[in-house]
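J.: What Swiss-Prot records for this protein is below:
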- Tyr42, Gly67, Cys68, Ser69, Asp92, Asn93, Asp120, Ile121, Asn135, Arg202: S-adenosyl-L-methionine binding site (BINDING)
Amino acid sequence: MNPKSNPDTIFSAPIDKIGDFTFDERVAEVFPDMIQRSVPGYSNIISAIGMLAERFVKPHSNIYDLGCSLGAATLSMRRHIKQEGCQIIAVDNSPAMVERCKLHVNAYRSDTPVDVVEADIRNIEIENASVVVLNFTLQFLSPEDRYALLEKIYAGLRPGGILILSEKFVFEDEVSNELLIDLHHDFKRANGYSELEISQKRSAIENVMRPDSKKDHKERFAEIGFSSYDVWFQCFNFGSMFAIK
């Protein structure tokens, strides 16, 4: 159950000077439409995050949604949480996203409280966590900040706790990488995006989103100390991984 939005037409007209992509008011207004039409398997990932939370949430623990945007993962988890004494902490640094996220969260009644926080996820304390979600968020951090954040998450997770990490992937084999990029662009065309929109969005986002390979992610998980980790979902060059402490 994702929030409805206006259609995404941000890149539909020619832009003389394309700036870096930001999660501003314009993007927040069209975000549900944008992400459904841009990220293959997004609805499946959101649904399954709720299922994973149901398995891993412990009573009297914290659940973190870091880079929560409009709260789709938060709402999915909240629908599945039956344990007592739990709290979801949903964090985003975009004021426009946080404002709308609060509206979406408050539209549904639940026994599990949600604290929507406007903050930089790098500055958030992680403690007593049974579930932490980074849903297409880590890729927007500078590479040097990623390891530090994952270390902090690991330290704040309870034993047996889970990190759910959804990302766009790059592939070491050039032929495979290009094929999956092409298939992703086919997916966007099939969802009504024009060549101009695809090209301009790519130009806007390439400097702010720097994806890693699955190997990079697994090596980091191993170095930090996670006991089990793997890919649980992939569609083209997008997917989601779990890492268990």
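Every residue number used here counts from 1 along the chain in the order it is shown.
Cβ from N, Cα, C; glycine included.
On this model, are these features tucked inside or out on the surface, and what's nearby?
T.: DSSP assigns Cys68 (S-adenosyl-L-methionine binding site) to coil, not to a helix or a strand. Within its own chain, Cys68 (S-adenosyl-L-methionine binding site) has Thr74, Ala90, Val91, Asp92, Met97, Cys101, Val116, Asn135 as residues 6 or more apart in sequence whose C-beta sits under 8 angstroms from its own.
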J.: Using Cβ-Cβ distances, find the residues under 8 Å from Tyr42 (S-adenosyl-L-methionine binding site) that belong to the same chain and are at least 6 apart in sequence, listing them in sequence order.
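T.: Residues satisfying the criterion: Ile35, Gln36, Phe238.
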J.: What three-state class does DSSP give Tyr42 (S-adenosyl-L-methionine binding site)?
T.: helix
J.: Please name the residue among the binding-site residues Asp92, Asp120 whose C-beta has the most neighbouring C-beta atoms within 10 angstroms.
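T.: Result of the Cβ crowding comparison: Asp92.
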J.: Kindly assign Asp92 (S-adenosyl-L-methionine binding site) to one of the three DSSP-derived states: helix, strand or coil.
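T.: Strand, per DSSP.
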